[in-house]
């Protein structure tokens, strides 16, 4: 790419913005070197990396890049066998910890997601997978160096021994010094009762008048000359020994650092690979964070010269820009943009050029999803005099010099951007030269976008195949540009209309129009007609879109109704067949189960069993009759009488009879006590029956009387599992209800409270229970629940 064009389009400012989001030194360096690339596959991969990193960012937050250090010089030193400093070893440890944290972060990515998202994430997670934690090396460094950069005593036995001896010697020195400074014999000689160090030797401050009297060696003198810092002779040998130990300590620390450096040398390849991969990940996530900031998207890309920007917004403008739509490179390769000054022509030109550069550098752009950008081998921009987009300074000579350079390089895979082509000289000559330049570029197949004020260039764009007009819209009511870009419509000068609205006399405006050439008038009339047609078209488009939306909604409504009808039809047919085949089979199976359970109950007499068996046979006949009735019913439904608590009903599917315990009209459900079983069913699945009062509950009460003496008022669930306890409690409540007990005691123990919760969950839902509470202290406290049953 041409350097001057990158500067004109302010690509460097984009790079600076992206760089701010990088967390590592190497990542920032890589971003600073980003350049547009004209390889289609490379660009595709880079854009996908940004999209993948952005998905991860928005779902899992920012990766922990903290702690990563620039180890390039350290690795180079280690490879050469140079002993590393403590700080350098700590930088290695910090980076190892950072890599480990990044691996931990990556393990959370993509758990429990669909394959499509997994594929998106994998573009980045594959890089995380290539990171190699060096836990053994990290542990060894941690064993030797603490968080403050001090070599630990545990780094070696010898170091521990040396430091113990140093502590012992220092203790002796302190004892002797304390005895000296606290001795009345020396107090007159000492300037102060303190101990200090000079030249790694312990000394005391002696008055200058006593320097020859005090027994010791002078190591330093105060600035005033009144104090001499002297090492008492009593500790000279101890200080000498301490010095020897400190030198031994330094030698041992050097040996430890040398060994650590050798360990690091063994892993320099892994360290380099990790550093490279972390830096690349840092760049990916920096570009992703930039994408989020500018509300960017991954555009479609091609290498055919086709650009189709939808809702494009220049990323460097401080004020929120008006989104632009702009197309070039498909049906036409040259686009001419016209319109008023400060109307947005130059911004549109720069937006296109900068978008191309950003995409080719692997960056998202602030636009709508439908946007398509082409890859070019060269972008050549002549916009102003290499000024910022807020300025519009140029000279004819600077324009021509740049255009001459472009013409020598541009080909069918190039993008040329020309701002105010032909400006800076005689308008007629400038316009003619502008047309000639555009025609030359068109013939060479160069994708070109140019801005102009010249009517001749507008006419050229209107009449020449492969060239299209566009304009920035101007609001004649407010006399302000709207900054909207209108494709296919050239922009008028609007000079006469603006002058008229501003109050210039009509006769002056009339004279001005008469002075215009015939061609100019023709062009302005064409532009005026086109703008009128555009307004009609836009209004018609709005009406058509509204009608299409209304039709679409109706189609959706009718499709939904048709689908529902088809489903209902199939469902009714299926239900009818299934009921005919299954209902009797199910009824017989349930009836046999009831009989089996009755026979297994000690309280059930032979007459009870016979009575139930006769009732089941009767119900089977009624069920067969019901199936026949259902077949004759068109929608498979029957009207039911209003069901209330206490009503006697028959279950349509099984034929069983029972009593309604509770009714939930919102859900359309009822709980039925059918013999020894309770059943929850839909209100439309039961039929109300009339039974004489004297026989209504005969069978039920016969069970109740005989079972009452067999059921205990206490249930002990301690040691049971959650689900088993709930199942046992459910069955127990049925039994005690049939037995007619009014209150029961459920023992669940205190423990963790899980079993108590299970018991209370069952009691809350059971229709037989009126209330429940934890036991009083004398009843067992919170380890027991007392439940009251309905009468």
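Quick reminder: no glycine exception, Cβ is built from N, Cα and C everywhere.
Annotation source Swiss-Prot lists ATP binding site at 339, 340, 341, 342, 343, 344, 345, 346. According to Swiss-Prot, the feature domain 'Smr' maps to 715-790, an assignment based on sequence analysis.
Where Swiss-Prot records a feature, it is marked here on the structure.
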{"residue": "339", "record": "ATP binding site", "Cβ within 10 Å": "29"}
{"residue": "344", "record": "ATP binding site", "Cβ within 10 Å": "23"}
{"residue": "345", "record": "ATP binding site", "Cβ within 10 Å": "28"}
{"residue": "346", "record": "ATP binding site", "Cβ within 10 Å": "23"}
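When DSSP labels each residue, the domain 'Smr' (715-790) comes out as 36 helix, 19 strand, 21 coil, counted as helix, strand and coil in that order. Taken as a whole, the domain 'Smr' (715-790) shows an average pLDDT of 86 in this prediction. Classification of residue 344 (ATP binding site) by DSSP places it in coil, neither helical nor stranded.
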